[in-house]
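Undergrad: I have a structure I would like to understand better, so I am pasting it below and will then ask my questions one at a time.
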Amino acid sequence: TELKLKQQHLEELGRQQHSAEWEIEDLVNKLTTAEEKLYSGRIKDPKELTNLQHEVNGLRIRRNQLEDKALEIMDQVELSTASVATLSNELKTSETEWHSQQQRLSTNMEQLKTTLSDLKHKRQLLSADIDPQAIELYQELKKQRGRAVAKVEQGICRGCRILLPTTELQRARGDSLVQCSSCGRILFLT
């Protein structure tokens, strides 16, 4: 949007510059005609010569004013052109970076999809060796509590942070599936 505004401003300056140049050209033509008339010697009336001299002086003043205005506009055009060029380069750089990031994200997404597919396959293979009731319990706990398994550290369930009874700890050290008596999560000892 900033680039478009700068481009529009530059276009407007271009129109102003052309308008000033045409006006200067028109004044130069009028001035040339008036000076030729003034210095040709054809006009003999002093009042008419004085009026023509005033007209020539007025045209010169107006031409100088327009030339100054045209120079200001040219300076603004130069600055605006540089600004538009800078913004265009920044935009191109940003677009290039964006496309590069899009490609990286697309590549990462494909890698993650592949990894997810591999993990799902491994899960299927591993779950074939697990008791279906244990899988059902795990899925139900995960659905209810977010995490179905809680790690046990120093006799404390990390799911609810409650000290476990000794009997539960001993059962958890065995091969059976043991749930925390407080939060119901499956206990996991390292």
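Along the chain as shown, residues are numbered 1 onward.
Quick reminder: no glycine exception, Cβ is built from N, Cα and C everywhere.
Heads up, TrEMBL stuff is auto-annotated, nobody curated it.
Taken from TrEMBL, the feature coiled coil applies to 10-76, 102-129. Among the features that TrEMBL reports, domain 'CT398-like coiled coil hairpin' is placed at 5-146. Residues or ranges marked as domain 'C4-type zinc ribbon' by TrEMBL: 157-187.
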Undergrad: Let me spell it out: take the domain 'C4-type zinc ribbon' (157-187), skip the flanking residues so only those 6+ beyond its ends count, and list any with a Cβ under 8 Å from a Cβ in it.
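TA: Cβ under 8 Å, 6 or more out: 131, 134, 137-138, 141, 145, 147-151.
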Undergrad: Restricting attention to the coiled coil (10-76), give the mean pLDDT.
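TA: Averaged over the coiled coil (10-76), per-residue pLDDT gives 92.
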Undergrad: With DSSP as the reference, give the number of residues of the domain 'CT398-like coiled coil hairpin' (5-146) in helix, strand and coil.
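TA: Secondary-structure composition of the domain 'CT398-like coiled coil hairpin' (5-146): 131 helix, 0 strand, 11 coil.
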